[in-house]
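One structure is given below, encoded as structure tokens.
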């Protein structure tokens, strides 16, 4: 999860912007973890009741909550039925936490703005089993807005920036990975070779002509980043194919800033089966067939 949090911070900062222009169910972008310090960490901290009069020890029997370890997908919450068994039911959208920030809002494929991803998934859950619910997905982060059509010339430029951005994200993770465990040892070894290559094009707002020349000149530097990104997305399940749901963590933050995102991913699905295989993904980024290797998805 730490990798994805950092991943989206990179998305918000760089946004794959071109020189002429300024990150199952879709995954929520931010996970908030809080940890309560143990009693005794502060020298003056005492347990409640430390100075109370001694009383007879009585063993307290605490009933285990059946929902405690029962996981429900986004849009559902756990409830206990008449047999004290946990079950997942649709969450009431009105029970979602109130959000006021514009970046908390999300846009659905129904072109409707939802107050938060919680409100979106709760609404989607209530539509389960319907045609509308089947077609409804989280489209992008932020309120709905006009997304201009992607021209053919713009579509050819998109993978140039995306490829370069993937390479730079990996290099940044590598440089900041001393204690964060953002990359595995195998991944670090692959990125190290790219990082130490003096011919590497440094991060920056480059023209598409320069990006195209660099890809041709330093083609081998881009092979692993493309495979790595596929592996980051192929998670639910890990089956060698990317569904609309699995693409969401990458698509959702990009669409408001890169209007060719949707058309690009649609074009990657060469056989129109609603899934993008590794071969289709790599081909979309210009990786040659002989260089597509499942063992690089690590």
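Positions of Cβ are set from backbone N, Cα and C atoms, glycine also.
Small disclaimer: the values here were computed from a predicted structure and weren't measured.
Annotated Ca(2+) binding site per Swiss-Prot: 269, 271, 273, 275, 280, in sequence order. What Swiss-Prot records for 67-78, 72-88, 90-125, 96-118, 107-144, 150-260, 268-284 is disulfide bond. Positions annotated as domain 'Follistatin-like' by Swiss-Prot: 66-88. Annotation comment: Swiss-Prot describes 84-146 as domain 'Kazal-like'. Per Swiss-Prot, the feature domain 'EF-hand' maps to 256-291. Per Swiss-Prot, N-linked glycosylation site is recorded for 111, and the stated evidence type is sequence analysis. Under the heading signal peptide, Swiss-Prot lists 1-17.
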- prompt: Using DSSP and three states only, what is residue 88 (disulfide bond)?
  reply: strand
Statement: Whole-number Å distance separating the Cα atoms of residue 280 (Ca(2+) binding site) and residue 268 (disulfide bond) is 6
Integer Cα-Cα distance in angstrom, residue 111 (N-linked glycosylation site) to residue 144 (disulfide bond): 6
- request: Around the recorded Ca(2+) site, report the further residues of that chain (criterion: Cβ within 8 Å of the mean position of the Cβ atoms of 269, 271, 273, 275, 280; site residues excluded), sequence-ordered.
  value: 241, 268, 270, 272, 274, 276, 277
- line: For residue 72 (disulfide bond), the spatially nearest of the recorded positions 150, 260, 268, 273, 275, using Cα atoms, is 275
Task: Across the whole of the domain 'EF-hand' (256-291), what does the mean pLDDT come to? Round it, please.
output: 96
Statement: Close in space but at least six residues away in sequence, with Cβ under 8 Å from that of residue 96 (disulfide bond), the same-chain residues are 115, 116, 118, 119, 122
Query: Measuring Cα to Cα, how many angstrom lie between residue 284 (disulfide bond) and residue 269 (Ca(2+) binding site)?
result: 9
Message: Rounded to a whole angstrom, what is the C-alpha distance between residue 125 (disulfide bond) and residue 271 (Ca(2+) binding site)?
response: 30
Query: What are the DSSP helix/strand/coil residue counts across the domain 'EF-hand' (256-291)?
result: 18 helix, 2 strand, 16 coil
